[in-house]
Amino acid sequence: MGDVEKTEFNLPPDTTRGMGRPDGSSVDPSVQPTDRDIETNLRPKSLDEFIGQPKVRNQLDLVLTSARNRGTAPDHVLLSGPPGLGKTTMAMIIAQEMGTSLRMTSGPALERAGDLAAMLSNLMEGDVLFIDEIHRMARPAEEMLYMAMEDFRIDVIVGKGPGATSIPLEIAPFTLVGATTRSGMLTGPLRDRFGFTAQMEYYSAEDLTRVVTRAARIMDVPIDAEAAAEIASRSRGTPRIANRLLRRVRDFAEVTSNGHIDLGATKEALVVFDVDELGLDRLDRAVLSALIKGHGGGPVGVGTLALAVGEEPSTVEEVCEPYLVRAGMVARTGRGRVATVTAWRHLGLQPPDTAPGLF
Ligand SMILES: Nc1ncnc2c1ncn2[C@@H]1O[C@H](COP(=O)(O)OP(=O)(O)O)[C@@H](O)[C@H]1O
Ligand SMILES: [Mg+2]
């Protein structure tokens with residue numbers, strides 16, 4: 001395998017667009033990096049650097065290596081899983097590994113078929129088109145995408161009414177990478193056109209510890225091993241949260257002592273920032289509280305819970321709920337959400353006999 005040449009798609013060297021400086025440095029030393037800059041610098045740039053998700057990594061490695069060997073664009077890839085697990089990062093890595101450019105857009109931005117046509121017709125051979133939140137794409141755009149994915153061809157409608165004509169347009173062979181937090185909301189025809197679906201899972205505590213340790217090294221923040229493990233264990237299996245908690249603990253350590261992050265500083269900082277031992281934040285606890293104190297433990301619909309905590313139902317459903325379910329605190333039933341014994345106890349309350357136990 002080592003003697004196989006990497007396929008070049010003959011593109012301008014702009015593959016790192018939007019990915020920040022690879023070494024994580026800043027050009028002007030007086031400029032302090034913002035949280036957003038740090039987020040960009042923390043993104044792993046290759047499959048080898050990507051921590052965790054061994055299954056997805058192995059499968060993608062096969063798909064990409066084989067495509068490289070054949071000199072073709074890899075099959076379309078669907079990345080599915082809760083927010084913050086590395087879907088956008090993985091899309092960037094796919095382009096990086098193929099040595100091609102990444103074009104980014106998102107489902108909500110593709111309101112009309114014309115929006116998508118403009119993106120598609122600008123693609124160059126081998127480009128990776130990343131559509132984030134692909135389940136939120138408008139129907140006409142989605143239908144145009146079917147043909148683009150299958151035949152690298154679209155029909156552009158010119159004009160209106162009876163005089164409208166459809167002009168066929170060839171597009172360069174590309175790889176679509178779609179990301180979704182709600183794979184269940186994808187239509188069958190769209191799902192069927194992806195050659196490979198990667199299901200991103202929550203990270204183990206060990207993998208998250210490596211994420212924290214790596215991030216601290218890049219940010220040049222000294223951290224003890226047990227402090228990294230503590231941050232990891234409170235990060236709800238999610239690298240984005242791990243990196244965010246690390247930044248807040250760093251703030252705390254820098255302001256209250258010499259900036260060295262030890263276990264004591266970590267625990268104190270997480271109290272200050274309202275993150276409990278299980279990693280639940282204020283919103284998670286508000287949802288639990290609405291469910292238990294407001295509705296006797298349920299069953300209650302997501303819409304009602306969202307209203308009670310002042311959030312969008314989609315936020316409660318896509319951000320809070322998956323982890324509450326995984327932590328065994330909330331059960332989904334046909335009639336709504338139910339708090340488990342664990343959830344009652346977590347709020348320091350005596351569960352009723354009717355509360356499901358689970359474990
Ligand atoms: N496997 C990983 N190893 C290290 N850091 C990661 C990993 N996956 C994600 N991250 C970090 O978490 C953050 C969120 O990842 P992102 O790809 O934006 O998630 P998603 O698109 O799934 O919401 C990124 O800034 C990145 O630094
Ligand atoms: Mg993303």
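A Cβ is built for glycine as well, from the same backbone N, Cα and C atoms used for every other residue.
Bear in mind that TrEMBL entries carry predicted annotations, made automatically and left uncurated.
Binding site for ATP per TrEMBL: L42, R43, G84, K87, T88, T89, E150, D151, F152, Y203, R240, plus R193 from the candidate set R139, R193, R248, R250. Taking all protein chains in view, 25 other C-beta atoms sit within 10 angstroms of the C-beta of Y203 (ATP binding site). In the three-state DSSP scheme, R337 (DNA binding site) is classed as strand. Per-site Cβ counts within 10 Å over the binding-site residues R332, R337 peak at R337.
When secondary structure is read from DSSP and collapsed to three states, R332 (DNA binding site) falls in the strand class. Taking only the Cα positions, the spacing between R337 (DNA binding site) and L42 (ATP binding site) is 36 angstrom. Using DSSP to sort the residues of the region 'Head domain (RuvB-H)' (277-359) gives these counts of helix, strand and coil: 41 helix, 9 strand, 33 coil.
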